[in-house]
Each structure stands twice: as structure tokens, then as C-alpha cells.
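In what follows, a single structure is set out as C-alpha cells and then discussed.
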Amino acid sequence: MEAANLSVASTSVALRLGPEAFSSSPNPSAVVGSTAGGAAPPGREPPFSVFSVLVVTLLALLIAATFLWNLLVLVTILRVRAFHRVPHNLVASTAVSDALVAALVMPLSLVSELSAGRRWRLGRSLCHVWISFDVMCCTASIWNVAAIALDRYWTITRHLQYTLRARRRASVLMIALTWALSALIALAPLLFGWGEAYDARLQRCQVSQEPSYAVFSTCGAFYLPLGVVLFVYWKIYKAAKFRFGRRCRAVLPLPSTVQGKEAPQEAEMACTARRPAAAFPPSGASWREQKEKRAAVMVGILIGVFVLCWIPFFLAELIGPLCACSLPPVWKSVFLWLGYSNSFFNPLIYTAFNKNYNNAFKNLFTKQR
């Protein structure tokens, strides 16, 4: 009878504890395998592998390079009086947003990446601050790219009406709208209770996954400026192509004064040459066209890098909340840091195509020596 009672008691305990109660057998081989086989003991962080150390080092270098390069651009604009005008205020606004991304957003994101399971252990208040700065600074960086593209488009297509005064007013208005819209998108969850960024149970800190906010934030922060920059660059390409074709038609009759039957053929070759500047004397118009061509190429590369860096992240941010599905954490991190890297490429691109910045950088370092 006592044996029967003991068997019933042991059965009830087993049902309460479940199969996990019997997985921790006192087998010495099992204990050794759980500790020495790669899994970390309870309460300890798993050791970093060589690959993890390499990735963390590269991300730390990316943060430092992004901040220092954008800071260098800002210092150059402040110290050189020739840069205290349009369009350098647009470049300065972009550098400010990218420097804030490197100073306030990327370090905390790296701290989150280093924690086990990417858990957020810095509290609810700091989570809200981090998410707000993340959305605001990244959105401002994206809209600043759109503002630079718009300024370049109006300069090429309306260079007579788009005077320095009109350009200054337009740039100030675009900068104000950029930061106001970015702040609205970032603070909307806190102001209107539009989802929660911090999950205390899972120790997770992320942008609100409310489907309506996901549509609002991704469209306002990326898809709308993406449509603007693509439309603007298409118009820039058409305007440049039309202007070059008009210039060719104006130059075609000139070789008629040359004797010989092959003069029209030479004129046609001069128009279709890859570098027409070699066939014409350098004038004010040709110098302006070359400058506009370099600016159009710069805007094209700026837009191309912007799209490649941000489109994977925003596709995941839009599709995930709508379909109630999520990517693996590794791919989320890859897409997020690919978007952050756009803040590193922006100053490289718009200074590489501007000789004034290169000369200013050289003078800055030369004077310091």
C-alpha cells in the first residue's frame, strides 16, 4: 500500500514538473557536455568568438569614422566664409543629422547588439530617448538628401529664376520642414500613444510595431522622400539631355565655313564625342555645363547609395508589422547597420565631387601643422 502511494505521488510530481524535470539527470557526461561543450553556464554571458570581435571592431570604427568625417565637414563650413551660403547650409544640415546618428544612435545600438539575445537592459526611459533620436536623426538625414536633390534640380532647370535670394529662402524652408517632419514622426508614439517601444517582459526596445504607425513612419521617413529623389533625378537627367542636344544643334552649322566635303561629318562627331569640351573652346556656358554635369553625377551617386543602404531596412519595417512576421535577428541587425552606414557615405560623396571642399580640407590641416 505504501509503495502504491509512493508511485502515485511520484507520478503527480512528474506531471507537474513536466519533461524538463527529468532532463537534468546526474549523468556526469551530460554535465560536462553542458558546460564544456560551448554553452555558457547560467547567469554568464557567452564568450565572444573571433568573428564577433571582428564585427564589433568594424562597427566601432564605422561609428568613429562617421562622427569624425561629418564633424570635419561642419568645422570646414564654419571656418570657411565662402561656405556660409547656399547650398552649404543643406550640406551642414545633412552633416548635423549624420553626426547625431553617429554620436547618439549608433553607440546605443552597438550596446544592444553586444547584450545576450539583443536584450535592452538600460531601462524604459532611455529606450524611448534612443528610439526617438534614432527615428528623428535618420529621417532628417534621408530628407536632407531629398532637399539637396531638389536644390540641384532647381539650379539646373531654373538657374535664371532661382536666384541666390530665392535659393536661400528655399533652403531654409526645406531645412525647417525636414526637422519638423522628422520630430513629428519620431515623437508620434509618445504624443499620441501610438504603440509602445519598450517591452519589459522580453527586455526589448524597438520602434513601435503598431501596423498603422509602421505605414505612417516608413512612408513619411523613406518612401515619400524616395519618390521625391527618383522623380527629381529623372527630371535632372531629362534637362541635362535636352540641354546637350540643344547645344549640339546650335554648333552644327559652325563647321560649314571649313572647306571640304567631310565638314558636316566632323561637326556631327564633335557633338557625339564623349567629351565635347575638347572640341569647343572653353567658355562660360561650357564651364557651367561641366559644373552642372558633375553636380548631376554627384546627386545620382548620392541617391543610388541612399537607396541601396535604406531600402532593405524599410521593406522589412513595413512588411513585418503588416504580416505579423519577423526576420531573423541577424538580418535585422544587418539591415539596420546598412542603413546607418549611409550617414558615413553621405559626406564622402558630396565632398568627393567638390574641389572647394578638398582644398578647404588641405588648407585646414596645413594651417594646423
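A Cβ is built for glycine as well, from the same backbone N, Cα and C atoms used for every other residue.
A mean pLDDT of 82 is what the model gives for the domain 'G-protein coupled receptors family 1 profile' (69-350). According to TrEMBL, the domain 'G-protein coupled receptors family 1 profile' annotation covers 69-350.
When Cβ-Cβ distances below 8 Å are used as the criterion, the transmembrane segment (50-78) is approached by residues 84, 88, 91-92, 95-96, 98-99, 101-103, 106-107, 110, 113-114, 337, 340-341, 343-344, 346-348, 351, 357, 360-361, 364 of the same chain, each at least six residues removed from its ends. Among the features that TrEMBL reports, transmembrane segment is placed at 50-78 (among others).
If you look up TrEMBL, you'll see 90-110 (among others) marked as transmembrane segment.
Under the heading transmembrane segment, TrEMBL lists 130-150 (among others).
According to TrEMBL, the feature transmembrane segment maps to 171-192 (among others).
The feature transmembrane segment is assigned by TrEMBL to 212-234 (among others).
The annotation transmembrane segment is assigned in TrEMBL to 295-315 (among others). Through the fold, the transmembrane segment (295-315) approaches residues 142, 145, 148-149, 152, 155-156, 218, 221-223, 226, 229-230, 232-233, 236-237, 240, 334-336, 338-339, 341-342, 345-346, 349-350, 352-354 of its own chain, all at least 6 residues removed from its boundaries and within a Cβ separation under 8 Å.
Positions annotated as transmembrane segment by TrEMBL: 335-353 (among others). Outside the transmembrane segment (335-353) by six or more residues, the chain places 59, 62, 65-66, 69-70, 72-73, 91, 94-95, 97-98, 101-102, 105-106, 109, 138, 141, 145, 148, 294-295, 297-298, 301-302, 305-306, 309-310, 312-314, 316, 327, 361 with a CB less than 8 A from a CB of the stretch.
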Within the same chain, where does the transmembrane segment (212-234) have neighbours whose Cβ lies under 8 angstroms from its own Cβ atoms, ignoring anything closer than 6 residues to its ends? I mean 6 or more beyond. 135, 138-139, 142-143, 145-146, 149-150, 152-153, 181-182, 184-185, 188-189, 194-195, 299-300, 303, 306-307, 310-311, 314, 317-318, 320-322
Spatial neighbours of the transmembrane segment (90-110) far in sequence, C-beta under 8 Å, 6+ residues away: 56, 59-60, 62-64, 66-67, 70-71, 73-74, 77, 122, 126, 130, 133-134, 137-138, 140-141, 144-145, 147-148, 151, 171, 174-175, 178-179, 336-337, 340, 343-344, 346-347, 350
Who are the chain neighbours of the transmembrane segment (171-192) in space, where the CB to CB distance is under 8 Å and they lie at least 6 residues beyond its ends? 86-87, 89-90, 93, 128, 131-137, 139-140, 143-144, 147, 150-151, 208, 210, 213, 216-217, 220-221
